[in-house]
Amino acid sequence: MPAGGFATATAGGVKFEAKITPIVILSCIMAATGGLMFGYDVGVSGGVTSMPDFLEKFFPEVYGKTQDPNLNSNYCKYDNQNLQLFTSSLYLAGLIATFFASWTTRRLGRKPTMLIAGFFFILGVVLNAAAQDLAMLIIGRIFLGCGVGFANQAVPLFLSEIAPTRIRGGLNILFQLNVTVGILFANLVNYGTAKIKGGWGWRLSLGLAGIPAVLLTGGALLVLETPNSLIERGRLDEGKSVLRKIRGTDNIEPEFLELVEASRMAKEVKHPFRNLLKRRNWPQLSITIALQIFQQFTGINAIMFYAPVLFDTVGFGSDAALYSAVIIGAVNVLSTCVSIYSVDKVGRRMLLLEAGVQMFFSQVVIAIILGVKVTDDSNDLHRGYGILVVVMVCTFVSAFAWSWGPLGWLIPSETFPLETRSAGQSVTVCVNLIFTFVMAQAFLSMLCTLKFGIFLFFSSWVLIMSIFVVFLLPETKNIPIEEMTDTVWKKHWFWKRFMDDKEEVPATGTKGDPLTEKWAC
């Protein structure tokens, strides 16, 4: 999913003295509510689009299809471009907002950028909950998308910079964990509001997004700016003071000097994106782009966006569909916790390959069940088969949640060298949001065209990406970022041909985003 976690190491692998202070824990919890907001936006759209009152008001054509007993189009009754635009507009807006968020994060700081995100979220929630027509609804989603763009740029970066090195990975995945919690929260809300009589349940679903929106905004007001951002903008004394507070020790001089030096060195690179295109960076760039495309073509966002719609389509009924979506959300949360525990123990490749087998098997089974038991004119799926479909979807979601979900973001963040890390992370976010938008806009039309074959389509991609991992993705577990080139790329059977030592290596850092280069992006 379009979320992220960033784990980095200090230059040269040096470990600075740092305590796990209450201010760090509270700051990270508050900041990570940006993930909660993002997850709620992902989860709530699928639920409200399966509510008859919502469809009747904004998408009467779709509502007519769902109520017509003579319509021989079980797989196609939700196929509507405007309905898909309601979901996908958020991600298109997020993509555009990312470019502005990169500037505000660099020039204004991480804290103001989170405040901007909270403002957009609150505005979007108000417009959605009070929407009177489709235009107002879409504009509200666009504002929510702007919030996503600003939050996804600032929050993971904030977490990376404020956390002590030894728990940085876990605190970064906290953002991804909050995304899954937000999805679960949205599914629970939708399950309850779908039972409300009077046609306003969907307004409550959309309006309750204001809770994480207010939490993020309030949290952004209370947290400290990161020392990295302060030093980056020339406020050295203030940066040193904040560093002392968050580390809980007076022995912060080595880390402070490291940050100052990183800021100085970073300004020497004039064109980080041009450096990114140099031959020696092709392996990292290729893997980054591939991982973001593969992450979306697992089919996960299609399932998370439209789980209630999907289950309703195969005959579960609206109530059972929302209940099944709640189960999926819970599995998603628990499985993300598995990733936090296991990623540095069993390695990235092992998790991805195991998940590939699990996702491929579950999707093939779902395709077989739907192909045999669900046709355009069927209106019910036998209870036993229905339960099996839910189990297989949960099997798929759990595999994704401990592999391609967090690792699709973690691996790019730890493979780019210092001088291209910021530009590389920008590419990661942009490619991810582009293909998230594509899948959100296309899924219901694909479901109509391919029917049960859509799961065979996604399973084919899972097979392709697993082959990619076997041959082209090196293991990066427990390898310092500074040693990645010599330890990983120069020894890989394929990528080593791009590691030309004679090619000029640019100075470290980036002119516009020095400490982003240093720590997170």
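A Cβ is built for glycine as well, from the same backbone N, Cα and C atoms used for every other residue.
TrEMBL labels come from automatic prediction, so no person has curated them.
What TrEMBL says about this one:
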type     : residues : note
TRANSMEM : 20-40    : transmembrane segment
DOMAIN   : 27-477   : domain 'Major facilitator superfamily (MFS) profile'
TRANSMEM : 83-101   : transmembrane segment
TRANSMEM : 113-131  : transmembrane segment
TRANSMEM : 137-159  : transmembrane segment
TRANSMEM : 171-192  : transmembrane segment
TRANSMEM : 204-224  : transmembrane segment
TRANSMEM : 285-309  : transmembrane segment
TRANSMEM : 321-343  : transmembrane segment
TRANSMEM : 350-372  : transmembrane segment
TRANSMEM : 384-405  : transmembrane segment
TRANSMEM : 426-446  : transmembrane segment
TRANSMEM : 452-473  : transmembrane segment
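Beyond its flanks by at least six residues, the transmembrane segment (384-405) meets 1, 3, 176, 180, 291, 294-295, 298-300, 303-304, 307, 311, 314-316, 320, 324, 327-328, 331-336, 338-339, 342, 351-352, 354-356, 358-359, 361-363, 365-366, 369-370, 373, 465 of its own chain at Cβ-Cβ distances under 8 Å. Beyond the transmembrane segment (204-224), the same-chain residues lying 6 or more positions past its ends with a Cβ under 8 Å from any Cβ of the stretch are 23, 27, 29-31, 33-34, 36-37, 40-41, 44, 47-48, 51, 111-112, 114-115, 117-119, 121-122, 124-126, 128-129, 131, 140, 144, 147, 151, 158, 162, 182, 186, 189-190, 193, 196, 242, 245-246.
Using a Cβ-Cβ cut-off under 8 Å and counting only residues 6 or more beyond its ends in the same chain, the transmembrane segment (113-131) has close neighbours at 31, 34, 37, 58, 97, 101, 104-105, 137, 139-151, 153-155, 158, 203-204, 206-207, 209-210, 212-214, 216-221, 223. Listed stretches 20-40, 83-101, 171-192, 350-372 were compared with the transmembrane segment (137-159); the greatest number of C-beta pairs under 8 angstroms is found for 83-101. Same-chain residues lying 6 or more positions outside the transmembrane segment (350-372) and placing a CB less than 8 Å from one of its CB atoms are 298-299, 314, 339, 342-343, 385, 388-389, 392-393, 395-396, 398-400, 402-404, 407, 451-456, 458-459, 462-463, 465-466, 469-470, 473.
Packing against the transmembrane segment (20-40) from elsewhere in the chain are residues 2-3, 114, 117, 121, 147-148, 151-152, 154-155, 158-159, 162-164, 167, 171, 174-186, 208-209, 212-213, 215-216, 218-220, 222-224, 245-248: each is 6 or more residues past its ends and has a CB under 8 Å from a CB in it.
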